[in-house]
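As recorded in TrEMBL, the features of this protein are as follows:
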type     : residues : note
DOMAIN   : 135-227  : domain 'Inhibitor I9'
DOMAIN   : 265-519  : domain 'Peptidase S8/S53'
ACT_SITE : Asp274   : active site, charge relay system
ACT_SITE : His306   : active site, charge relay system
ACT_SITE : Ser472   : active site, charge relay system
Amino acid sequence: MLGGSVHSSARVSLSWPRYNYTTTIHNYHTQLYNMKLQNTLVSAVIAASVAEALVIPALDQGRGRGHALDHGPNNNNNVPAFMMRAAAAPASAMEMVKDVTDQILAYYQHASPASRGLELAALHDNGVGTADHDRYIIVFKKGVFKEQVDQHLKMMSALFRRLSEEQRPAAAPGASALRDGFDRVMDTFEVAGAFSGYIATVASPKIVDFIRLNPLVDYVEKDSVVHSLDETQNNAPWGLARISHREGLNLGNFNKYLYASNSAGKGVTAYVVDTGISVSHLEFGERAKWGKTIPINDYDIDGNGHGTHCAGTIGSEHYGVAKGANLVAVKVLRSDGSGTMSDVLKGVEWVALEHTKHLEESRKDKNSNYKGATANMSLGGGKSPALDQAVNAAVKAGVHFAVAAGNENQDACNSSPAAAENAITVGASTLSDDRAYFSNYGKCVDIFAPGLNILSTYIGTNDATATLSGTSMASPHVAGLLTYLLSLQPDKGSEFYVPNSELTPLQMKKKIIDYATKNALADLPADTPNKLIYNGGFNSTDFWASAAAPQSHKVKTNRYSLGSFLDSIQDSNNHWFNFDNMNIF
């Protein structure tokens, strides 16, 4: 029996001649949970119930299926007879899905659900279209069962196949039903078990509305474009020196990077979610490897240089904060620097899965030196709830994320993943300790790091370098600092090691913000934190707030002239870069 009283604000009322069908769609969801029908039928039953409510009786009469509502003596609290049959006949699941598909196709020719007053899941559109303007990210609610998701995907795939068959030109009877141009489920995603959904191309707003009607769906987001446009100039680097001194740079310290050890970064994997990495670059010393290429039909190379530059700031020998880090390329942007939010989301999913796998392996191996994972995303675009939610879930799974604030000189809360609450959002500062004129600002910015005229590794040759500017260059300083500090935690072989004492990403974020140099920057708008990252110089014991053993330390003197330093000071006050329409940083 599907009995009991259920209350919901999402009430649906449909009327037509002879029949008055009034029910609550979310009631079915709650009733099914109460019955614990946790099997492959759950999603199909819910979908069938929704579809049943949308059936136009004139189309349904004469098919031997009865009315939309069974008014007979066996009625169970106004639960549709079709739903009862589905719950009682597991063997007919696929047949039921086919039946539901037929009903949707019939309904497809009539008015949109929105015009009938039904409550739909939210539809987000940041106004930045994609090359495939019919691509959507569908996000499921928290707590849905895998069986529900699987059945929903089966039903949608069946629907898309039927639609493509009807749309297929008669001249091509053997053509693929899933070729480009037809609706289809393109991919699925799940981040740390807390955030899941799928990516689909959907041409008709009516089908989008049908997806939004499903009680499993939290919201639907239109996919959007991201791209990178950084400028290259020939000026001296200074960022490493700045983050290792509390005081501002001067002629005595402008080229000195203070740090604990060349092995800093060892045991930590830094994922660069970007255009890729030139893994053969000499600066990486065989510590860089290719991880994953997300865009379809793309290559395992960095054809842009943006990702290689970011990787160099994180962990290269001469330009990196954490010189012993393992670097992994996660390519989500094509060689022209463009990509989609859905591809970036898939990259975040892959990073979280890899970290979880390595963490489980390290717990089984008492000799493992794995100290955790960091990730840098020097990219962004319009506001994307899906991307923000994915990053937040990955952080909760244990990945330490640094993300660029953006280069539009506007509120960082308007872009993603800068607005992701759990990540460390990084604005850009100049050598003269000003906010870089292009850097986004506001309460969503957590901290600042050097971002103007940053020298690092590049593509073209295995020793190439380039100087770039942007919050893209600031964020890797923080990703490098996260990597650096994680590696300095006592490992299993140390007398100071305490089991299960590792900082969570949220705890690490708080410590890095608290440890930053306060009130160092000028030209900050209201509600923008005045904090500049700091690595502790020679000794990070203050950061860990413990009386650890004395640490070895290094003084790295950068090979740059006083003239270059003075040029950089002058350049840092001149606004001669062109950052128009920069959406990835």
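Note that Cβ sites are derived from N, Cα and C of the backbone, with glycine treated the same way.
Summarising the environment of His306 (active site, charge relay system), the number of other Cβ atoms within 10 Å of its Cβ, over all protein chains shown, is 29. Looking only at the domain 'Inhibitor I9' (135-227), the predicted model's pLDDT averages out at 80. DSSP classifies Asp274 (active site, charge relay system) as strand under the three-state reduction.
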